[in-house]
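The structure appears right after this line, and notes come after that.
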Amino acid sequence: MNPLALLVEILIIIEVTTKNSEAERYNRKQKEVNVTTQVSVSKVKQFLSHLLEQGKANKIANKRENPLEKKKHQHKLKIKGIQNKNLLKRNQNYFKKPAKKSITDKGDELFKMGNKILQESKSQKQKTEAYTFFTRAADMGNLKAMEKMADALLFGSFGMQNITAAIQLYESLAKEGSYKAQNALGFLSSYGIGMEYDQAKALIYYTFGSAGGSMMSQMILGYRYLSGINVLQNCEVALNHYKKVADYIADKLEKSEGIPVEKVRLTERPENLSSNSEILDWDIYQYYKFLAERGDVQIQVSLGQLHLIGRKGLDQDYSKALYYFLKAAKAGSANAMAFIGKMYLEGNAAAPQNNATAFKYFSMAASKGNAIGLHGLGLLYFHGKGVPVNYGEALKYFQKAAEKGWPNAQFHLGFMYYSGSGVWKDYKLAFKYFYLASQSGQPLAIYYLAEMYATGTGVLRSCRTAVEPYKGVCELGHWAEKFLTAYFAYKDGDVDSSLIQYALLAEMGYEVAQSNSAFILESKKAKILGKEKMYPMALLLWNRAAIQGNAFARVKIGDYHYYGYGTKKDYETAATHYSIAADKHHSAQAMFNLAYMYEHGLGIAQDIHLARRLYDMAAQTSPDAHIPVFFALMKLETMHFLQDILFFNFTTKWKWLKLDSTIGPYWDLLVIGLIVVVLIFLLRNHHR
């Protein structure tokens, strides 16, 4: 970015923030004094040395664990290494003076070794080994390794969260021009975690971070400009930020498909997280293995797929994937044959890249009419892998696979018409196939749809229509892996580590992370924020999630205004949010709450008939609402009946008894008492 343009952008940001005087006054009230003890660089180095020392014992005690347990306890693993008594003295001034060339080269080498391990494997054991190299490289003054270690301290990797130490490292790194550190400081400022709550400062940090090349900062700014968070809402600016990240993600996806990450909602089943469908329970996994060994072909293929891409909480394991696919292929599974072809086409440790073997298995699958096999043959002819480039053959196989509904084939058909590869360019056909593939979530199809809308290629240009799919592609970045580590941290009771990971993802615009962060804050179990901040921050996050279409979050906003959590009691505003959730999202809970407010005239005019109707609608919408609705209607009809009897001989002028206000608050106790009396009566008759 041009320095002058950057300066102008910062001045605009400062101007916008000064105009929002009310917001600034609120921010000043929300600021808290940073009482955390400042950690010297030497103490940070001592902490890194401690990490380095702790892993040595773990390297010796290499106990066998199941993949799900390793994944679950990944944040408790310790880093391997050795102890050096002169560590602190030698390195405490590495920020002040440049390290010797030999030390710098060694630090770079160690960082590259660690980074290679980190990128090439999803195994937690190997990730732990990577951090051994990062620790040693950081000790030698390698800035990139220090960034890795600062992240580990911030997010609580290996069970050693120390936000104060992380901030100290980030501040030193930011002075050295680290865009990752600037992004982290912006994030911490935006929540007031370990630092003053300062949205204006956060925005400046993000601006510098994005100028330096931080994809996270780009994404955060894109979300802020899209939603108008502390900046003037501007779709074009949001589009510009999101496109940069989407281009980066699309380039990665063209080289490999990427790994989808399960985004577990803590709000759906908080009392029984282990049974969440997004994560495979260990007992169920063992049962599936048993069935696979007994010859269940469908289970063999399913386990092969899970291990191939590392889904449902399982580590990516190419050897196990190939093992199950070979067993299923031997039994005649066309899907298994196609996946084996895919493994050999892409190449990995278990199946080295081999076009001839890939062609063999794709052909076997295609002969059975398998869509994945047909698409695989199309890829070989399109790219000329093991066979001469032949766009005609590629088109034929892509069409056959697309007719069977395979989204990757639909995308490649669209791409051929979009780029004019072997066919005349036809943007209408390209749009058609991109759209079909996007309905199944094909990420590159979504990206090219966004490209067409952003540039007006073959369609009418629309910023809003383009920015949403760009945002969806951006959310496929490697940073989404924090969803799993945050989930397992929460499940294991490490609430602070879980919250800070969800909070970062929430800042980047992930709706699920916004809901999960608000849910954790609402529980008041976290210690990294003051209790007085939790409800206001939770309300802010519920609101952001609701704007993105979360019905549960919309009901929560109504609840906060109804009870006065993090804001003043406001029945009228509560009723407004319940109405939105009921009308737009058909939420049974919102219908029930709104019915209660109509029944009692809270924030809206009393309307008994509308209350009855909403109670009935709640029962029809959700079976879970039947019993609450039954009791609510029983109470409503009882009160109405008693009022009719007692007021029968009185004119309106002499209505002195207000049963609803007198008995209303205790109606649930009265109903329970009535039920108890009826049960006693029935039991007595039964014994007679």
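Glycine too: its Cβ is placed from the backbone N, Cα and C atoms.
If you compare Asn34, Asn355 in Swiss-Prot, the N-linked glycosylation site annotation sits on Asn34. Looking up Asn162, Asn272 in Swiss-Prot, the residue bearing an annotation of N-linked glycosylation site is Asn162. Across the residues of the topological domain 'Extracellular' (19-662), the predicted structure has a mean pLDDT of 83.
Other C-beta atoms found within 10 angstroms of the C-beta of Asn162 (N-linked glycosylation site) number 19, with every protein chain shown included.
Secondary structure of the repeat 'Sel1-like 11' (588-623), assigned with DSSP and counted as helix (H, G, I), strand (E, B) and coil, comes to 28 helix, 0 strand, 8 coil.
Counting C-beta pairs under 8 angstroms (sequence separation of 6 or more), the repeat 'Sel1-like 4' (215-250) fails to reach the repeat 'Sel1-like 8' (407-442), with fewer than 3 such pairs. The stretch with the most CB contacts under 8 Å to the repeat 'Sel1-like 5' (297-333), chosen from 107-142, 371-406, 407-442, 443-478, is 107-142. Taking DSSP states H, G and I as helix and E and B as strand, the repeat 'Sel1-like 1' (107-142) has 30 helix, 0 strand, 6 coil.
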